[in-house]
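Colleague: So that we are looking at the same thing, I have put the structure below in structure tokens.
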Amino acid sequence: MESRVLLRATATVAGISQLKRPIGAIHRQFGTGSSSFTAFAKPIGTIGEGANLISGRQLRPILLLDSPINGGDRREILKPVRASSAAAEGGDSAGEAKVGILQKNPWLVTGFFFFMWYFLNVIFNIMNKKIYNYFPYPYFVSVIHLFVGVVYCLISWSVGLPKRAPIDSNLLKVLIPVAVCHALGHVTSNVSFAAVAVSFTHTIKALEPFFNAAASQFVLGQSIPITLWLSLLPVVLGVSMASLTELSFNWLGFISAMISNVSFTYRSIFSKKAMTDMDSTNVYAYISIIALIVCIPPAIIVEGPQLLKHGFSDAIAKVGMTKFVTDLFWVGMFYHLYNQLATNTLERVAPLTHAVGNVLKRVFVIGFSIVIFGNKISTQTGIGTGIAIAGVAMYSIIKAKIEEEKRQGKKTA
């Protein structure tokens, strides 16, 4: 009897010890080296670990919840997942809504571009004229305009906004004539701004379409319709009326503005020959760099001795070093930004909108300059300026319609 009990106890203890065998022993019992079984037998781990591997596959923690935990409902566990998913969907919807607003209303972006173009242009003209009132050195100021813009372009290239486009010797030869005309037109415009009222300079520059038409007819050999020539008659008449009674008139300001018109006309001609695949931002950056190199020697020769003798010292004595330096910096920034923004704006619109935009810009500049500086103008000057601006508007609209008809004709052909 005792032996039977002893044998049963021994068997029970052996069974218990068999149950307590480590998992490694079980592996060895079923055969070592079975990687598939080992992976299967690997503990799954907790939900908080975020990722669980079963048979080499990664599973979302929620997929392991086959039964309620601690008496909780499975649907409660799924709520955070659904919430985060809904939040993600909501974020996507908001992003799509924002994009949709701009896509459905592109005029919002275009209108903003026009506003910033006009705003920067007006600020530049006002600040530029104020600088000339205490620092009448247009050659040096022209160099500062370009220098600040070039530094801005170099910094933009260094951070990849935009990415610098490569340039070779052939492209450089094409851009040099454009840059030279740009430099000459820029300097002579500033000479005119320094010599006469801003409003008068812009009135004279309203003749630029006349020079463009003449160059197209006699230089490029293009046939200009009689309607375009007739639309230019009010421009010539209006500028003549304004010039005869302009209180700030002097020949230096008048001739400089006229040279600027011719220079920018030839810049347009060379630009047409310099059409490349390079974007406008990079083209303008390269033109600014070349124009800066062109403008430095004349500034040194014409104004260098006067600047060293009393130019800088007089300006600093009048406004102080800090204001003098900051004025030059900001006028350069406004010059570059308004030119760059004008290019970007005009690329977004049709030729007719382009034409109207240019005319309205000149009206804005003339009006604001008269108000800010309190320039007194005669009745005849005011009437002449209005006639000239109206003629420019007529010319621009007619030309834009002609270009649009040509474009439609090419498409149908």
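Quick reminder: no glycine exception, Cβ is built from N, Cα and C everywhere.
What you see is a predicted model, and the numbers here were worked out from it, not measured in a lab.
The feature transmembrane segment is assigned by TrEMBL to 107-127, 139-161, 226-245, 251-270, 282-301, 321-338, 359-377, 383-402. The domain 'Sugar phosphate transporter' annotation in TrEMBL covers 109-396.
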Colleague: At an 8 Å Cβ cut-off, counting only pairs 6 or more apart in sequence, do the transmembrane segment (321-338) and the transmembrane segment (107-127) clear the bar of 3 or more pairs?
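Modeller: Judged by the Cβ rule, the two regions touch, with the required three close pairs present.
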Colleague: Sort out for me which stretch, of 226-245, 251-270, 383-402, has the most Cβ pairs below 8 angstroms to the transmembrane segment (359-377).
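Modeller: Stretch with maximum Cβ contacts: 383-402.
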Colleague: Quick one: mean pLDDT on the domain 'Sugar phosphate transporter' (109-396)?
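Modeller: Within the domain 'Sugar phosphate transporter' (109-396), the model's average pLDDT equals 88.
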Colleague: Short question: most Cβ pairs under 8 Å with the transmembrane segment (282-301), which of 107-127, 139-161, 226-245?
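Modeller: Looking only at 107-127, 139-161, 226-245, the most contacts with the transmembrane segment (282-301) come from 139-161.
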Colleague: Which residues of the same chain, at least 6 past either end of the transmembrane segment (226-245), have a Cβ under 8 Å from a Cβ in it?
Modeller: 200, 203-204, 206-207, 209-210, 213, 254, 378, 380-381, 383-392, 394-395, 398-399, 402
Colleague: Which residues of the same chain, at least 6 past either end of the transmembrane segment (139-161), have a Cβ under 8 Å from a Cβ in it?
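Modeller: Answer is 128, 131-132, 183, 186-187, 190-191, 194, 285, 288-289, 291-292, 295-296, 298-299, 302-303, 307, 311, 328-329, 331-333, 335-336, 339.
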